Amino acid sequence: MSSQVSWWVFGVMTVVLILNLEFSVVEGGASEETKIHIVYLGEREHNDPELVTASHLRMLESLLGSQKDANEFMVHSYRHGFSGFAAHLTDSQAKKISEHPDVVQVTPNSFYEPQTTRAFEYLGLSQSSPKGLLHDANMGEDVIIGILDSGVWPESPSFSDKGLGPIPKRWKGTCVDGEKFDSKKHCNKKLIGARYYMDSLFKNNRTDSGIPDTEYMSAREVFAHGSHVASTAAGAFVPDVSDNGLGVGTARGGAPKARIAMYKVCWQTQDGSCATADILKAMDDAIADGVDVISISLGSAIPISREIDISNVFSYGAFHAVSKGITVLMAGGNFGPHAYTVQNIAPWIITVAATSLDRWFPKPLTLGNNVTLLARTPSVDPELQAELIYVDSSKEMTSEAAGKIVLGFTTAENGESATDFLNKQMEVQAAGVILAGRRSDKMIVSEGLINLNIDYQQGTTILNYIKSTNKPTITVSPSIALTGPLVATKVAEFSGRGPNSVSPYVLKPDIAAPGVSIVAACTPEKMNYENGYTAMSGTSMAAPAVAGVVALLKAVHPDWSPAMLKSAIITTASSTDPYGEPIYSEGLSRKLADPFDFGGGLVNPDKAANPGLVYDADVQDYIRFLCASSYDEVSITKISKQTVKCPSPRPSMLDLNLPSITIPFLKEDVTLTRTVTNVGPVNSVYKLIVQPPMGVKISVTPQTLVFNSGVKKLSYQVTVSTTHKANSIYFFGSLTWTDGIHNVVIPLSIRTQMVKYFDQ
């Protein structure tokens, strides 16, 4: 079957053929099964899409021997943002076509998974405020956000176009009819585009896609993920919604008047939800359709593919989108809290981490001795009073637990044992389970059996009470709602963490936004969510939140490049919550959050609209970065369709003009350059403030930047040296330029390595 793949970003795209085991081809006397492969060819050689597709068919015909086979075996032609195609090929055919001089790379089709109403008020984007970014941007009305996900439930009130003006004339996309999706009925001035992609899931004979009958063969979703993501980015105002009574309020997106184009690339299949060949085609179409922002909440395991590797489809696709002025945002993945788990790490992408917000739904647990604890996992179960019993999770269950609430302990890493323990309690008809283990802020709605998570300290308190009395009892009350400064903001345990495992000189994630218990639209077919709204947690929720913010910024600053928009949100982000309290990092142990947890910090939309200075970069800067990364000139030339001659010696990866400085292997003194562009008052003077990492010396020249009508860009040099005598861990600091009004802050992440690639 097809391999499972992480959700990834394409930096540069070629023709890619996708491999899915299908029918057999007799070749050289032996029978070979075809698979879908993606063939990546780089930039287009023709502006006419029809000519591009014709060139793909000619290449495939020369391989297969007939025009008929070429048409039948072709799955997708990528012909807008870049050049490439997906086709059914045997392994030997894939190897042969990879040797063609015009082919950059060939990779098998693979699959990604989704990374899964108060959030924007928490970030300061309040509808009631007469001033600020939300007001200045007219809520993002003329900005178009492309969402690559599992489809959309078009009837949701979040996709109402009430009060919206005409669709922007630059929009070139379409709505495609399909099963229970009528483009004339279901698309409007809010949901302006809806496409679906499934060709790469089929065998060559167009059968056996693996898609169940419960799926809709259209842009309509059944997966209950795409609608949530889309409405988080740009959903309309919908009052009085909740998740079964929790989180009651008005649901809305970050840019409530922005337009949405849905590209359904994820399906309920056994092999995996989202095929890379279809994702590439959707990104290609989105570029041609005229979207301003692309938001992708897909991913998988720890990233290993480099930016130039075609298997890193998101990086390739995003490179082409960014080169055409389209900002691409992606989820940082849900494989935290361990180091090196952040995904989607290409420098031209905005990678988003997830935090909690100032809202919590704890569940009071009152013991028979009148001690009350707050369970961290919220639920909507009714009040229950019952006898309390402790059960060793490693032992067999007995009928002793029937009708009682059971306390158990689980190890930090053993999620399977927790599931087994819960199932055992259900078998003996326990009234409920309280499981002590790692902290969790995820919202769980349980039916028939109370299922609560607490931490080890709380578990020990309950266990000691059980041991102190002959008949321990407990009262489990309904969840209560706590909001405001009493609730600490934390980087979620699941959020992918840095450092960057592929390009260690590039800080990832870039930014953080709320992604815990976010109430947004879903399909009403989801069990117990007939009202069409649910709370979900994941970096999948955080990425579209920042996409909404970027849409607002794009409306206010339509001439800003993707790198300028990225810089604005990073350099103005906050390391504290909106109440001035520090942001923590949730994990195996709690600590203060650092750049590997949240990049620049928590996004601050209003400050991002007026950053003062920005760090800009364009395609040529990224090509120099690829040269610095030791990629060969032939591959870079094919990807960019520019004749690339890397300088000798090759440039330093440290000199990519990022709004951060990350040095993973500091031994001798290092000097690097950054360039800032003034987007604030014409006549401005900025002074330097440095907070060096522990044991690191930072020297900056000059220490004052003076801008006027003739000077809009200035560069500065940073020299970094270490006082450590042995290999160190990463230490963190910051470099700030301030004019007294604007504080332009970039994070510093520096590790001393006296012996490279050796950790003591």
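Positions of Cβ are set from backbone N, Cα and C atoms, glycine also.
Feature annotations, courtesy of TrEMBL:
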type: ACT_SITE; residues: Asp149; note: active site, charge relay system
type: ACT_SITE; residues: His225; note: active site, charge relay system
type: ACT_SITE; residues: Ser540; note: active site, charge relay system
type: DOMAIN; residues: 37-113; note: domain 'Inhibitor I9'
type: DOMAIN; residues: 140-575; note: domain 'Peptidase S8/S53'
type: DOMAIN; residues: 655-750; note: domain 'Subtilisin-like protease fibronectin type-III'
type: TRANSMEM; residues: 7-26; note: transmembrane segment
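Here the CA atom of Asp149 (active site, charge relay system) lies 10 Å from the CA atom of Ser540 (active site, charge relay system). The helix, strand and coil residue counts that DSSP assigns across the domain 'Inhibitor I9' (37-113) are 31 helix, 26 strand, 20 coil. Looking just at the domain 'Subtilisin-like protease fibronectin type-III' (655-750), the mean pLDDT is 97.
Cα spacing between Asp149 (active site, charge relay system) and His225 (active site, charge relay system): 7 Å, rounded to the nearest whole number. With all protein chains in the displayed structure included, the most crowded Cβ environment within 10 Å among the active-site residues Asp149, His225, Ser540 is that of Ser540. Each residue of the domain 'Subtilisin-like protease fibronectin type-III' (655-750) gets a DSSP state, and the totals for helix, strand and coil are 1 helix, 62 strand, 33 coil.
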